[in-house]
Every structure is written in structure tokens, then in C-alpha cells.
Amino acid sequence: MSDSPVWHPFTQHGLGEDIPLIARGQGALLHGADGRTWIDAISSWWVTTHGHAHPRIMAAIREQADRLDQIIFAGWTHEPAETLARGLTEIMPEALTRVFFSDSGSTAVEVALKMALGYFHNRKEPRQGIIVMEHSYHGDTIGAMSVGARGVFNRPYAPLLFDVTSIPFPATGAEQATLDALEAACKAGAAAFIVEPLVLGAGGMLFYPPHVLAEMASICARHGVLFIADEVMTGWGRTGSLLACEQAGVVPDIMCLSKGLTGGAVPLAVTMAREDIFMAHWSQDRADCFFHSSSYTANPIACAAAVANLSIWRDEPVQARIVGLAAMQASELTAIASHPKVESTRQCGTIAAFDLAADTSGYLSNWAVHLNAFGKAHGVLIRPLGNTVYVMPPYCITAEQLSHVYAVVRDGLERKT
Ligand SMILES: *Cc1c(COP(=O)(O)O)cnc(C)c1O
């Protein structure tokens, strides 16, 4: 047993897995304190977009740290938050005029749900229900778990979770059932529908097409149900476009962003909202204000990192890197598709995924444990979701590095037993 006092997230310490000590990161590479290196094939859990330690983001953090570390954000403001909010309203859909800061994807989701209920409460419309999609994931706080799939991850906490209406995942050929269920749930008078656009990440890298996203948004609009897009993972180019919603021509009423917001360097999140949702909280009565805050809301150093991320999107050929990575992923996927253990290869922008012929199924499948350990031992950070292997690297990964990732996965499939 290790003598470290650290209790790691989503880690079964009883299995005695190797827990490498990382000293340095650069681009798509992680350097261990013991001299080993790993290619980061999952962007350190989907956050690192431009690569580790991007010089402009690191410089922005250093410069801001010399000026202002932290300031209460209720009734006070600072330049990095103002610049960031303005920058976001410029590149995000025009209708999303308001930017509320928080610290993680989970809190961005909590904020979105509270905005939706606050909106209807302040308008004196009795709407409360939340509609969610089967297999979805929105984070690990109590509210975020409540709107996500129920399963082995949250069974012990079930008594704390609130009830929601779940509609089926729009599997190929079964899209109409999803739309019908959404229509029925909307008619019953829900407040909001929260969904991951185009890609359900933690639910197993499940993809559905833009036209289904567009139809879901228009059903919500028809019934006055707020459409909340959780772009925490899909945002910042992952699906090929800046936002996944763009591909469906959908403008959400409320949108959550985090992970790639700072390029993956430091924690920060925003929930963006339509003007009338803000205005529903605007009055002379303090009881109508939006009651949410955390100590570090809009931390200046985190905001400075996000401002640097915006300038990278503006000045560097990020879109070209994304197109290049998508093409490399496509050819790697084509090559691995013929492997006898590989099924259902699929791709959405920079994200590639496939399933492995199951021994056991679900998140606790031993494929995940085996490939995670095999990757660690062979220079690749990869973390399958049960029987689903996915590769979601930083956009700066080279063709050689990406090929090495797939070669290690292939070897891992052979040396399973
Ligand atoms: C990761 C994720 C979250 C939660 O974000 P955290 O920063 O881990 O709290 C929420 N929604 C989606 C779609 C995610 O992928």
C-alpha cells in the first residue's frame, strides 16, 4: 500500500494501480518525476485543448498573478472578467448576452438549473420539472448527478438525488421515440431540458446527429421549455466546430462551458444565458436576484488564462489543427476497425471511439482496467469507459504520437490475458 495520504477521484485504491507522479507537461506529453513519459490521449480528462503549458496561457497566468490574485465578485469586478465576458459574447451565439462565472462543469450545470427555476419563479409561472436524456452525464455534485444517468457511480447517493423525467437516447433508427418522449414531457409543463449536444461523453461516447439536436431544440421552444446545452465537454472545438450546437444551427437558452475554457490550464466555468433570463432576475427587489456564488467566482488568474485561450482561438490556426486531427483520427479508426475485437468505430470531430467485444459489460468491465494499466506501462494515458475505448487528445498531438497511441491500444488488445 502506498504511504500517500491522497484519496484519488474515481480510483479504487484497493486494486493497487500504479499512480504515476507527473512533474511536467508540454504539448501532448506528460513527463513523470521518475523520467517516464506518457502521451496524453484523453487531454487529461477532456480539458487540455491546445496542449499542456501553452506559452501564452502560462504567461497570462504569471502576469495576472503579479497584479491581482482574488477579489470578491459580488458587487465588485476586475478587468480579466470583463474582458473575458465581452470576448465570450463576441464569439458565442449572439442571443447569449449574459455570462455567469463559476468554477467547474458541475457548478456551471447547477447554475443553469437554478437560472431556469429562478426564471419561472420570478415570472410567477409554476414550472419546475427537468427533462434529461438517458445515459447523460453532467457532473458529480448532487444536482448535476440528479440530472445525469443513474448507475454504479451514484447508487449510494440515490436518496439525495431529485426526480427528473428521462427521455431515451436517440439511437439510430429510434430517433422518433426520443422526440415523442420529449414532446410529451414538455407538454406536461417542464421548466427545462438539459442535454449534451451531439456527444454523450461519460455515458460511453454515444453520438447522435445534428438534425435530432435541432428537432429537440425546436420542440422545447414550441412549449416554452428552456433548452440548456451542456457544452462542457463538446465546447471549444472537440466536435469539429467551436460549439457542437453550431452544427445543428441551435442557439440554446442557457449554455454551460468549462473544460477547454482556459485551454484546460486552470479551473473555470461559465453559464451563458439569454437576456430575458437575466432580466427575469432584474428588479428593485433583492429577493429576485440570482442566489448563487462561490468564494472564487471569476477568479482573476483563471479569467486571465481564459482570455489567453480566446486570443489563441483568434490568432492561431486552431481550426486547421482540429481539421488535421480529425483527419488523422479518421485514418487511425479505419485501420483499427478491422481488428476482430473492435466494434462500432465512430468519430465526431476530434473524438474517436469504438467498443470492444464484451466479456462483461458496463463501466466496471475489466477492459477498462486492463487498458488503463497497459497504457500506463507503455507510455500512453488512456482511460476507457467500460468497453468503450476513446481517443480525445490535445489538438497539437503529432501524427507519430497519435499512431503510437493506437499501436499501444492494439498491443493492449492482444496481451489481454
Ligand atoms: C466533465 C463534464 C461535466 C462536469 O465538469 P466538472 O468540471 O468535472 O465538474 C459536466 N458536463 C459534461 C458534459 C462533462 O463532460
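If you go along the chain as it appears here, the first residue is 1 and each next one adds 1.
Each Cβ is built from the backbone N, Cα and C atoms, and glycine gets one as well.
Among LYS259, LYS341, only LYS259 appears in TrEMBL as part of the substrate site alongside TRP45, TYR137, SER293, ARG383. Record note: TrEMBL gives GLY105, SER106, SER294, SER295 as pyridoxal 5'-phosphate-binding, and the candidate from ASP34, ASP40, ASP180, ASP230 in that site is ASP230. With respect to their backbone Cα atoms, SER293 (substrate binding site) and SER106 (pyridoxal 5'-phosphate binding site) stand 14 Å from each other. GLY105 (pyridoxal 5'-phosphate binding site) is 7 Å away from LYS259 (substrate binding site) when you measure Cα to Cα. For the binding site of pyridoxal 5'-phosphate, formed by GLY105, SER106, ASP230, SER294, SER295 according to the record, the largest Cα to Cα distance is 23 Å, rounded to a whole number. Proximity of the binding-site residues TRP45, GLY105, SER106, ASP230, SER294, SER295 to ligand 1, judged by a Cβ distance under 6 angstroms to any of its atoms, singles out GLY105, SER106, ASP230 in sequence order.
The record assigns TRP45, TYR137, LYS259, SER293, ARG383 to the substrate site; their largest pairwise CA distance measures 33 Å.
ARG383 (substrate binding site) falls outside any helix or strand according to DSSP and counts as coil.
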